[in-house]
Amino acid sequence: MQQTVTRVFVAKYSELPERIGQAVKVGEEEIALFRLTNGDVRAIENKSPHPKGGVLSEGLVSGEYVFCPLYDWKISLIDGNVQPPDEGKVKTYAVEVDGDDVYLLL
Amino acid sequence: MQKRKLVMIGNGMAGVRTIEELVKIAPDAFDITIFGKEPYPNYNRIQLSTILQGEMSFSDIIMNDWDWYESNHIQLYAGDQVVRVDTKEKIVYSESGRAVPYDELIFATGSLPLMLPIPGINKQGVIGFRDIHDCEMMMQAAKQYKKAAVIGAGLLGLEAASGLVHLGMDVHVVHLFGHIMEKQLDETAARLLQRELEAQGMNFLLEKETVEILGDDRVTGLRFKDGSEIAADFVVMAAGIVPNVKLAKESGLFVNRGIVVNDYLETSVPNVYAVGECAEHREIVYGLVAPLYEQAQVLAKRLVGMVEKGYEGSIVGTQLKVSGIDLFSAGEIYEAYETKAIKVHNELDGVYKKVLIRDGRIVGIVLYGDTSDSTRLFRMMQQKQDVSSLTDIAFLKEGGAKEEDVAMMADEELVCGCNGVTKGTIVQAIQQGASTVEQVGGCTNAGRSCGRCKPLIAKILEHTLGDAFAGQAQKETLCSCTDLNRDEVVAEIQAKGLTTVKEVMHVLGWKNEEGCSKCRPALNYYLGVIYPEYRDDRDSRLVNEKMHANIQKDGTYSVVPRMYGGVTTPEDLRRIADVAEKYRVPLVKLTGGQRIALFGIKKEDLPNVWADLGMLSGYAYGKTLRTVKTCVGATFCRYGTQDSMQLGIELEKRFERLDTPHKVKMGVSACPRNCAEAGVKDVGIVGVDGGWEIYVGGNGGTDLRAADLLCTVKTAEEVFEIVGAYLQYYRETAKYLERTSKWLERVGLSHVKEVVADEEKRTALNERLQRTLVRYEDPWRKVLEDEPLRQHYYTKRSIPVSVKED
Ligand code: SRM
Ligand SMILES: Cc1cc2nc3c(=O)[nH]c(=O)nc-3n(C[C@H](O)[C@H](O)[C@H](O)COP(=O)(O)OP(=O)(O)OC[C@H]3O[C@@H](n4cnc5c(N)ncnc54)[C@H](O)[C@@H]3O)c2cc1C
Ligand code: SF4
Ligand code: FES
């Protein structure tokens, strides 16, 4: 069995507020979308890698990082890596912006 | 065994240092009584000029507060001077009629300003510069008068003049000699200093001998020996000091210039000692604290019989505490036939350095413009080190080798000149656990006088602790995005007029362009305090304050509507019940803050829940006033003396929504049984017959702390005024996320008491608070009225499954 990449439309670029995470439910997956100050759009799984979990979409965004709103972990929006001294990784998704349409590549 | 009775006359710097040393080595040896003429606890006289220069307030310079005396069981009679001593019967008599017997007696009466014996010296508007009272007179004079003259351009005169310039007066400094500070500086250094002071706004009249003070009752001017005159409506005499020995003389002590003492500070009368500026040792009367503190140490040991080496005299170095000026001098100033000088004079940078050498040893130092070598040179001079082989001068060398300097300092090198503390002692204190400049001062006294050595202490900390200090330092700075601490950031914001979080980070060179979860909320808070009209940066707030609801571990939120003073109505209860049913709220609970919380609400439901409730936000999520807990009070309770519910409701209404450094909780009880637990609240009010007691700094959380009584007032109106001033002062001076309990311990209860008791300050604080309070509106209503806001923060998209598999 072979899996193909699927483009899923998730948002209008112009409707994405800068530096405020948006929670999107795609199928069964909860995804947090972020439009950064530099214009890029990033998508990660909306679940903190902290053992107690929690959402990430409400976190404070700084540059290419989000701070977990519950336990203050600093997480890269580029590769999903939790920054030291904490450890862990969240799932990241590829994003494609086509005109005003934002797609996730799943 | 009966304790011996120790009485001290004079509650100043040298005397109290003696007592500090004494209680350190023998806390229970004596019953101690101190008489102080001034109505204050011991304060740092050295810093009086910084008050004039606007850098500190009176409360900042208190060195031993009232609590210190009490906790060391010292009886202090402040504001009561000793007028007679009977050395036969061993009793001292005070002005107010006290008669206190002693076994041992210390004279620590300090000095008095030298008032020149010229006609007119007693006119109004002519003062010396010695104590808080003099400072107050200067500050008052500056409000009423314009023209000031300072007689004497020595240390004191220049510090006074600088203060008066700062206070807005036209200042003439009159000096008898051809150049200023002639006891400490040679002509070259003095000219550099004079030029700098002139640039700061001072005028100098050199080689002028004042012969008369003109005017009727009040001074109007000065006349000089050459016949010339100047106009002046305020005169500070700073021509010198004289040891305060009148009482000692009358008591039969042998007095020359000062009270004559031997190496153990013993006077000519048994069981009577003298220490400080009133004492004369080996024909020298000292006028700086460093030698006096050495005397204090010896005397303390002498009193408990730990006699080792006596006091053998000191070499002293001098600095001038005028902002923008760096100078140091010690020992001989003027070249003589047998001395050789090494001089560097860099006119470009206004730096002048001179070291005088006799027989291969340093005997004098004059540094102007750059005093970074002062401790090293001074140490070499004190130790009479042979410097014949060290005399080449590195010209045009690179700056910035400071860190290495600390590494290279010898252990016995002096760091704090005022307190005679060496590098070795400081390093030892650090190794025993001191990790901040304040803590080092706490156990070694270093840095507790003029404060000049603090930067060096910080460097030693940094060097000794290495990375551990870097970690420490991070705690002191706002966060790892910057090297600045709270005070520096606030000062920069004000000085540069920065108005947004972004601008602050940009202008102050933040290492992370968009900050982090520590500094963004903090900056947003500080800006809000500085500018009443500040527009809040919502995205710099953390989740709860951004959403106006408290996030829970599963990503849902809690909603807690306002219930002023814990008082509700059937209608409100009914509405809460309806909402709980409609949204299938998983948990309805009474909170510890006397109100009702709905837990487990989805983000996208928040606006609807708020709309259906039709109630105001209770801010259960905010760094702001949470609740005012009340007891039922006089309305129903048989013990109640006051209407506690009414006061609580009113307090909550007045101060709700206000941004504070951390959350603030209040409680109002109507009698001391205290059913509203006012004793563990940030602000707790307890009704008593005819008034209210106001308690502050309580905490029932992580670090339990009982509140302290701030004051007692008669009316509710006064409660609002005091609480308003207290809150605003907390807002303006606390670090972000510092609860009132911690803040109060840091700044000191007595200081806060003083601030809120000062009517002028209290009014100003309340005015600033009112200007801030008007900017708030209910955040839930705002969301309901603002469609884009709702879209931004309270939506969640759901995309139907569209993942295909082949
Ligand atoms: C709801 C409530 C517990 C309850 O079920 O009763 C509560 C709930 C929380 N408290 Fe509390 N505290 C509640 C009364 C208290 C009290 C008791 C009181 O106020 O009389 C205290 C001790 C008193 C005090 O603060 O001095 C209290 C001391 C704390 C502390 C420790 C504060 C401290 O300075 O040590 C925290 C942690 C913090 O603020 O950093 C905290 C933090 C929290 C947080 C906000 C934790 C968080 O960040 O998620 C909890 C939110 C739960 C939620 O999901 O909404 N809560 N909390 C109470 C709300 C009162 C209200 O109506 O506003
Ligand atoms: C403006 C200013 C700036 C200074 N700057 C420096 C500096 O930079 N560096 C430095 O080393 N030194 C400085 N000094 C000097 C330093 O303050 C003094 O050396 C030090 O305070 C002397 O301590 P003392 O205890 O001998 O006298 P004081 O601190 O003057 O204490 C004597 C106390 O005794 C009280 N007293 C007198 N008679 C009686 C009595 N009969 N009964 C009860 N109480 C009595 C007095 O009111 C006074 O409070 C400065 C002084 C002034 C005024
Ligand atoms: S604090 Fe006093 S007045 Fe208030 S309810 Fe308790 S007993 Fe009654
Ligand atoms: S040198 Fe004055 S306090 Fe240390």
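Each residue, glycine too, has its Cβ placed from N, Cα and C.
The Cβ of B:Cys637 ([4Fe-4S] cluster binding site) has B:Cys631, B:Ala670, B:Cys671 as same-chain neighbours under 8 Å, each 6 or more residues away in sequence. The [4Fe-4S] cluster binding site feature in TrEMBL is assigned to B:Cys631, B:Cys637, B:Cys671, B:Cys675.
Taken residue by residue with DSSP, B:Cys675 ([4Fe-4S] cluster binding site) is part of neither helix nor strand, so it is coil. Sequence annotations record features per position, and here TrEMBL assigns siroheme binding site to B:Cys675.
For the domain 'FAD/NAD(P)-binding' (B:5-282), the predicted model reports an average pLDDT of 95. Residues or ranges marked as domain 'FAD/NAD(P)-binding' in TrEMBL: B:5-282.
Positions annotated as domain 'NADH-rubredoxin oxidoreductase C-terminal' by TrEMBL: B:318-384.
Annotation comment: TrEMBL describes B:414-462 (among others) as domain 'BFD-like [2Fe-2S]-binding'.
According to TrEMBL, the domain 'BFD-like [2Fe-2S]-binding' annotation covers B:478-527 (among others).
Marked as domain 'Nitrite/Sulfite reductase ferredoxin-like' by TrEMBL: B:552-614.
Under the heading domain 'Nitrite/sulphite reductase 4Fe-4S', TrEMBL lists B:622-760.
Comparison of B:5-282, B:414-462, B:478-527, B:552-614, B:622-760 by number of C-beta pairs under 8 angstroms to the domain 'NADH-rubredoxin oxidoreductase C-terminal' (B:318-384) places B:5-282 first. In sequence order, B:Cys631, B:Val632, B:Ser669 are the residues of the chain that are 6 or more apart from B:Cys675 ([4Fe-4S] cluster binding site) and have a CB within less than 8 Å of its CB. Ranked by the number of CB pairs under 8 Å to the domain 'FAD/NAD(P)-binding' (B:5-282), the listed stretches B:414-462, B:552-614, B:622-760 are led by B:622-760. Shown for the domain 'Nitrite/sulphite reductase 4Fe-4S' (B:622-760): DSSP residue counts in helix, strand and coil, namely 55 helix, 34 strand, 50 coil. Note: the domain 'BFD-like [2Fe-2S]-binding' (B:478-527) comprises 27 helix, 1 strand, 22 coil (DSSP; helix = H, G, I, strand = E, B). Counting other Cβ atoms within 10 Å of each Cβ, the binding-site residues B:Cys631, B:Cys671 show the lowest value at B:Cys671. DSSP places the residues of the domain 'BFD-like [2Fe-2S]-binding' (B:414-462) in helix, strand and coil in these numbers: 26 helix, 5 strand, 18 coil.
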